[in-house]
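> What TrEMBL lists as transmembrane segment is 30-52, 72-93, 105-122, 128-146, 158-177, 183-202, 258-276.
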Amino acid sequence: MTTVAFWLPLMCYLQEVYMEWLIEVTGLPFDILILVLLAVAGAFAGFVDSIVGGGGLISVPAMLLTNLPPSMALGSNKLSSIFGAGSASITFLRNHMVDFSLVRKLLPFTFIGSMIGTLAVVSLPPLYVKPIIIVLLVCVTLFVVFKKDWGEINRTSAVAGKALYICMAFALGIGVYDGFIGPGTGTFLIMGFIFTGFDFLHASANAKILNFTSNLASLIVFFCLGHVNIKYGLATGVGQIIGAYLGSHLAIAKGSSLVRVVFLSVTTVMLLKLVYDYVSTL
């Protein structure tokens, strides 16, 4: 929720200053202009998210621009994320980038974890989790920077035994994280798959399937609680489909080297954002 607390005042200010100017320039009614802006933001979010995750850093602030209550903005964002994650997942599946024999074993754990996390978000402040996430991001980012070959070679053997159980526990934990905090879920999933032995590209593909699952589970909870604006969610979702299609195809064309660069960029931005959120609450 600290993400919401940071962006809400800024979004309100931007809306007050720029919305009248945009209406005058475009000639569009306010309601239509909002939908167009959400679709554009969704396209950018879907593009980034389909490669390394982190699209929520774009789409959640865009939702807050509409003056939705924070919980409604988060729920509506889950609806739009379904479209982006689904579009990228289909692309990766069609290009045989997904280790489905492993992913299908992890899906139930991610689904259950996300539902638990979404229900828990109303009772436990994310403040206690943020320091752990910050330390983890710092360690992984430095590891990727200095270990140039990490995530360049894809594993050829199946994940089994102890490694499989660790993956199941990780899938459950990341599902809880997605429902509880959200932004960066795809990025953390990629980290997990790379540690398992996948290269950046295949890790991104596997992560997107689990990310779609966690978004779906969280959306079900938000929808049952009445915290989803379908119109805004669908508008952003249309943009996410386009952005995710372009992003996933670019990732496949350029390979792990591109994913590595974007991964480092997104984790750096996410790290700065999390540190700001945490410090501002002290």
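Backbone N, Cα and C define each Cβ position, glycine as well.
Whatever TrEMBL says is automated annotation, not expert-curated.
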> Taking 30-52, 72-93, 158-177, 183-202, 258-276 as candidates, which has the most Cβ pairs under 8 Å with the transmembrane segment (105-122)?
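Most Cβ pairs under 8 Å with the transmembrane segment (105-122) come from 158-177.
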> Any chance you could find the range in 30-52, 183-202, 258-276 with the most Cβ pairs under 8 Å to the transmembrane segment (72-93)?
30-52
